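This is the structure I want to talk about, given as structure tokens.
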């Protein structure tokens, strides 16, 4: 049973609606709005199905008249006729009101009256009857089965014949499975068995009773068991079992006390004297001297329009020199589409090249296929202009889809959120997570520098209690940041401090203490650094979910490097799944944004940005482009798409 069926234009005008369940007229509004927000506006039209709470929505796009057909039904129902119904309704509705759409256009949609209820009910009855006609066949009766053909005599089994038949069947099955080459190998085994047992006549073998066969098999079984026991006794097990877990190495000439090797001082929390300020070369630390303090610049990109125009001019001049005027003219007109609706066959060769191009640019293969499917769904049936090629049309649609993907539903404005937290007199908490070696601590220091230049005080919580040197790395960054922004420039206030409890402690507890300390001392932002972990490590993922569930940070940032391809999809999917599975809350906290690092090492292979945002529907908040504190950028969607589409 259908919940609703609605037809509306891509501009948002509802043309006709059918409601199959009694209730308010706005019952279908929320699912359809969710479909528009999550699928149609986000360029995810590769699949024609969408789930919203307890409903399943199936939709079909009519790109010629800019119409959308949506049907909704309960998720637990398996309605096999829905696809046929939506195709029939689409064809019937188009054919009935084609002239009105073509002659009046938008005015026809506004002023038209669409009386389609009787036609829809007729199509619904036809679809339901067709599904009943294709019902699964009934079970066969006993008379139709092969067992009914057997006689009573053939089903009677004698006591002595049963094991013989079984052994014969086993021998025949084994002989069928044996290959011709294995016959020679089985001959010595048979001769050896004959030598061990006394020779028995063929007539005696057949006259063996069931009890004698069982006794013989039992003796062979015990003989094999005794041989196996003797072999196992020859290799005694070691008395001492190996201790599991990691053990620290103890050097002969060194001190085995771990406290001697722990250079982290628990008394440094909130005390600036133990972290003395050091002098550094500003050019080495900052890099860009012409920067504007506190401003996060966009990614820079070169416009390709000028270079493309130059190539076109060069190619046209070269072609005109080789060919005549008419030849050049016909060459320009080759491949143009004149007022023709695009079909899937026209787009398939172009989409295949586009898919290979995206994969070569480091986009995950699965994401590239889904993007091309979405573009094909968006363009199928659309009428093209006179002087337009299929390649340029598909390329333009793909560019628009990529820009839309890189601008997700929610925009993260960190500075505005920090000021909002200031008004409530509480610190704004950001947690960094990710796999090993992607640059979490380095980019945390860059973000700290950016926040300090905007006038916010920062407390860094060293919750990476596993990796050797993690606390010392953050302490070094703290010293450098305090040297660049000494307390004298901020009315005697230390702008960045480190909160750490050494190694081997509970990360969730350290984060909780750091947030409490920041609230008491009046810090504006708390940056929580966590240990790197692989997405398949269940204990570490459980610890991360615990840290996020206990401390409820305002922003959870996943730090990923731009060098990954298909691995980006696996990392983000499993991180989100682990956070959802190991969280005790009814609505688990997932990743809120992405920090894309090492962006300066990939040239134009920027596909990881597309893969990450497509999988999570979350924005890329920061982009790391170097090793100095100023090498932090905000994402420019046009820059990424221009680099991605560059040949």
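A Cβ is built for glycine as well, from the same backbone N, Cα and C atoms used for every other residue.
Annotation comment: TrEMBL describes 132-250, 300-320 as region 'Disordered'. Annotation comment: TrEMBL describes 142-152 as compositional bias 'Polar residues'. The compositional bias 'Basic and acidic residues' annotation in TrEMBL covers 156-166, 203-243. Residues annotated as compositional bias 'Low complexity' in TrEMBL: 184-195. Marked as domain 'SRP54-type proteins GTP-binding' by TrEMBL: 619-632.
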Please indicate, using numbers and ranges, the residues of the same chain that are 6 or more beyond the domain 'SRP54-type proteins GTP-binding' (619-632) and have a C-beta under 8 Å from a C-beta there.
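That would be 284-288, 291, 296, 299, 406-408, 410-412, 414, 439, 442-443, 445-447, 449-450, 480-481, 484, 557, 593-600, 609, 612-613.
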If I take every residue in the domain 'SRP54-type proteins GTP-binding' (619-632) and average their pLDDT values, what number comes out?
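On average, pLDDT over the domain 'SRP54-type proteins GTP-binding' (619-632) sits at 90.
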Summarise the domain 'SRP54-type proteins GTP-binding' (619-632) by DSSP state, stating how many residues are helix, strand and coil.
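Breakdown, helix to coil: 0 helix, 6 strand, 8 coil.
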